[in-house]
Amino acid sequence: MSPPHEGPGYHTFAPGTDNKFKSKNVTQEEQDCRSALWEEALSLNLNEPCDELVKKDKKMDMLVLDAEQGDANIPNSINSIIELDTKTYIHSFRLYSSMFTNYLAIKAVKIHKRNNSNFTNNMFAILVADAWGKLPDGFLFGNIHIPGMYEECQNVKAHYVFQERHKVPGIHYPPQYYYEDELRNITGRYCQVQYKFSNLSKTDTRSGTVFAIVKYGGESPVPFSYGTCIPDSCTQADMEESLNVTFNSPENAGLELLRIVCHEKSNYKDLRGIDIILLAIAGVLFGLMVVLTTIDIITKQFRMVAFRRGMVFQLIEPFSFIANMKKIFTYDPPASGTITCLPAIRVITMLWIVICHQYETAADFTANTLDSLKYQDPVVTQVVANGWISVDTFLFVGGLVLSYNMFPPLLSGKLVNPFKIILRLVFRMVPSIIFLAAFCFTLLRFLAYGPRAYILEEFVDKCDSHWWKDALFINNLLFPDNRGFAVNDCLDHCWYTAVHVQLALVTVFVLLVFAKRKLFGILTTIVCSLIAVVVPLAITIAYDLPPSPLWPIRLDLSFEYMWRVYLVPWCRAGPWVVGVWTALALRSSRLTKITIPRVVVLLGYIAAISLGMTIVLGLYPYNHLLPDKKWTPTIAAFYGSLARPAWALCVAWVVFTCHTNNAG
């Protein structure tokens, strides 16, 4: 971390005299002067008066190298990043002790500074510096994640007797600080820093991934990050304040601190009452499974037919491991009228979604992160980059299955109990959602370890406060307690279950109109279809939103799109309504008995495949690392309102032709 050139408000860790970034314009006399200043600055004695410490800090300011003193062929902002990360080396790491708000942090930094002046005699200083993330090979090629050594930092230990007697203004001291020496154990605290730069010149045309960012517009599509090791007396707030000063300095113009996360060994190690309760529940369920599975085996082995037909065994069987595995892996011929092509559609779509998420999550853990993004450039990769449309297949299937099961009694003029349908749907999902959410905010934290532990820790914190939203199927809605660029829920993927239940709740009551008169039901469905198109059209235009969650857009705009369009049922109803229309067609005896000419079937599949490929691949000019052009409001409005129902129509053609034996 490189400090500002003005003011004494920093202390230096392990400065050394390495001349790797020596300015080409520095004379030998100036270099000798610098060496003398280093020698004087490193002769720091912590028992000196505070004004002497300040004087030496001022002299050390002169030793900071400007960003422009690096390679003149590298843009200044990139060079600032190189300098920033290189200064995490032993020879030039800095912390702003004047920004710290507790006296222990002040003393730890000073003690560390004193001992770093002689590494050969102090293993604590060596290990701390060795644990810092350092500039890696291929930085300019896109190797922008520098984790350092998490385990080494967490295991660093040292013992010091603090003997300072002077008071630093503005720092709160405990009473014993003035009366007795204090023996403290200092350990390492691992912190991960994420930052970005956004002021690169757009005129640079050199090759290389980092320079591609210049062409992209000066902003890195993913943040830079590095790990550092500080004394545990320094808190995350201390480190954050120090870094804010660093990034706000003139020579670091364009660098923006995104986040800092500090870890410690004691995080989430004690069992709480809720943890013990969940363990007890899990133990009871496991015990029931073992006992009742044993009963299932014994009664089957001894052919206790009467017992197995009784009510008691009917209560036991759902807990039997063997019985459940048999149901999972046994294929029974489908009943008459079953839409047999739906399992294959579900499997293919689920694999598609898994691949999309795998690419999304793996990008943040790849060594050459920026270079890996070039694989997004081919048009075919839109299958992943624009894979959001895959979820609409499940929405189509959801509307189809629900309506298909409701139409037989409704079309014959009989009412159905909508509450029974909804309760059955809800209670099939609620127990598993609650148990999984409970595991996430209790026991999951014990699995968090390493530089990226904060990902699980933040997940645990969200579940601790918002698990109930998932169980009530309202986790896709924005609440006043929302913080940052995320909808506050627990299980992020359960936004789909919320949308599914919300659309089902509306559908079961709307379809009741068919029992009164089929024409009224058709008119009501037409109105719902128009609403499903007009609402996302109006929202996209009103808020100037993109056509889809395009990859290279601002985080705030992407978040606004998600909670205004992607996560809400009134903008995801298009495919669901197409599913209702498809169910109505499949329940029509006249339509299902029609034999479609082979030429028409072929033309229909050509049209469906062409339309589907256009929907998936059509956003390529706007949806890759270096987009050719920016999307327009007209494209956003039409794509945002029509793409999803159009995709559902493509799938509907496949379902209809397969179910009516017209697919060939």
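Here the Cβ of each residue, glycine as well, is placed from N, Cα and C on the backbone.
Note: TrEMBL annotation is automatic and uncurated.
What TrEMBL records for this protein:
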DOMAIN    106-264  domain 'Nose resistant-to-fluoxetine protein N-terminal'
REGION    1-22  region 'Disordered'
TRANSMEM  276-299  transmembrane segment
TRANSMEM  335-355  transmembrane segment
TRANSMEM  383-404  transmembrane segment
TRANSMEM  425-448  transmembrane segment
TRANSMEM  495-515  transmembrane segment
TRANSMEM  522-543  transmembrane segment
TRANSMEM  563-587  transmembrane segment
TRANSMEM  599-622  transmembrane segment
TRANSMEM  634-656  transmembrane segment
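Note on the transmembrane segment (563-587): residues 339, 388, 392-393, 395-404, 407-408, 411, 476-478, 487, 495, 499, 502-503, 506-507, 511, 522, 525, 528-529, 531-533, 535-536, 539-540, 543, 545, 549, 640-641, 644-645, 647-649, 652, 655-656, 659-660 of its chain, located 6 or more positions outside it, place their CB under 8 angstroms from a CB of the stretch. Counting same-chain residues at least six beyond the ends of the transmembrane segment (522-543), those with a Cβ under 8 angstroms from any Cβ of the stretch are 510, 513, 560, 564-565, 570-571, 573-574, 576-577, 580-581, 584, 633, 636-638, 640-642, 644-645. For the transmembrane segment (495-515), the most Cβ-contacting stretch among 276-299, 383-404, 599-622 is 383-404 (pairs under 8 Å).
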